[in-house]
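Here's what TrEMBL has on this protein:
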- 28-50: transmembrane segment (TRANSMEM)
- 30-318: domain 'Sugar phosphate transporter' (DOMAIN)
- 62-82: transmembrane segment (TRANSMEM)
- 94-113: transmembrane segment (TRANSMEM)
- 147-165: transmembrane segment (TRANSMEM)
- 171-189: transmembrane segment (TRANSMEM)
- 210-229: transmembrane segment (TRANSMEM)
- 249-270: transmembrane segment (TRANSMEM)
- 277-297: transmembrane segment (TRANSMEM)
- 303-322: transmembrane segment (TRANSMEM)
Amino acid sequence: MDLESGKLEKDRDKTIRSNKIVKIQNQALLSGLAYCISSCSMILVNKFVLSSYDFNAGISLMLYQNFISVVIVSILSSLGLISTEPLTWRLIKVWLPVNVIFVGMLVTSMFSLKYINVAMVTVLKNVTNVITAVGEMYLFKKHHDSRVWTALFLMIISAVSGGITDLSFHATGYAWQIINCFLTASYSLTLRRVMDTAKQVTKSGNLNEFSMVLLNNTLSLPLGILLIFVFKEVDYLCTTPLLRMPDFWLVMTLSGFLGLAISFTSMWFLHQTGATTYSLVGSLNKIPLSVAGIVLFKVPTSLENSASIFFGLLAGVFFARAKMRERS
């Protein structure tokens, strides 16, 4: 009777649907965890290399990480596991201005991270949102509502108060971080302008994340080599005993894999959820990162500085929510 009435088929359909929902939720949770772990680990490992090992060649570290990314993406592309656009001269000429900013963004990030603790770096990075919002207003005539500007104002207050109360304040580190904020915002704004032009010169008419990773990292190699000579890191590399330590090479290689893992996991997480969830999780992810940075590196802090950091992190979450409402 059940077979004739179709109840068995209905129950089976319900079971299949419920299994699909559970699978999607598990994928979203797994991809979110992978993204959070890889992004937190990347910053902490870089800090460990630059500060704990006292490695004074941030450009060389960036160059090695980018080289690892190029090798892995090229291998995966040749095996047919991912698809990438071929690097043509037309594409390189279009992308080169963006890549110069990209390299500057990575280099200044390394320089600032050596001198500033992880928690303050995450708070100061909020200034990038302020510069980007102003740039969008003037370049793209995009207007933001009052909630977004309130969040941005709170970010500025937290960055200023955090800097004033920072017990391990380093002027050089703060200067590099401010430059990094301007370069990061410039990269974001320039990328929007160049992306459409770049798509037109590709063979498929598209430019996916893997192609961007390969393009950015490949073009960064000759520029990185030039900067190594400009900043005289070659002399340091020839004399430092760190390059003769296997454990140091292991940590450096790990940082390269983590850098690429961020690209893969962010795409996976974005595909499983959406831009809104991705943005909010990215803001919330700064909270455990800041705590881990203070605890692992034994950063001297005060109640005022801790309050400023926490205030800045909450401002970041408030900004993400305000942007979500603005989009909706």
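For all residues, glycine too, the Cβ spot is worked out from N, Cα and C.
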(message) Could you check whether the transmembrane segment (210-229) and the transmembrane segment (62-82) come into contact, where contact means at least 3 Cβ pairs under 8 Å with the two residues of each pair 6 or more apart in sequence?
(response) yes
(request) With pairs restricted to those 6 or more apart in sequence, evaluate whether the transmembrane segment (303-322) and the transmembrane segment (147-165) have 3+ C-beta pairs under 8 Å. (result) yes
(request) Grab the same-chain neighbours of the transmembrane segment (249-270) for me: Cβ-Cβ under 8 Å, and only residues 6 or more beyond its ends, written as numbers and ranges. (result) 28, 31-32, 34-35, 38-39, 41-42, 45-46, 48-49, 53, 61, 64-69, 72-73, 209-210, 213, 243, 278, 281
(message) When you look at the transmembrane segment (147-165) alongside the transmembrane segment (94-113), do they share 3+ Cβ pairs under 8 Å, ignoring any pair fewer than 6 residues apart in sequence?
(response) no
(request) Find the member of 62-82, 147-165, 171-189, 277-297 that has more C-beta pairs under 8 Å to the transmembrane segment (28-50) than any other listed stretch. (result) 277-297
(message) Do any residues, 6 or more residues outside the transmembrane segment (147-165), come within under 8 Å Cβ-to-Cβ of it, and if so which ones?
(response) 120, 123-124, 126-127, 129-130, 133, 174, 302, 304-305, 308-309, 311-312, 314-316, 318-319, 322-323, 325-326
(message) Please report, as numbers and ranges, the same-chain residues at least 6 past the borders of the transmembrane segment (62-82) whose CB is under 8 Å from any CB of it.
(response) 103, 106-107, 110, 210, 213-214, 216-218, 220-221, 224-225, 228, 252-253, 255-257, 259-260, 263
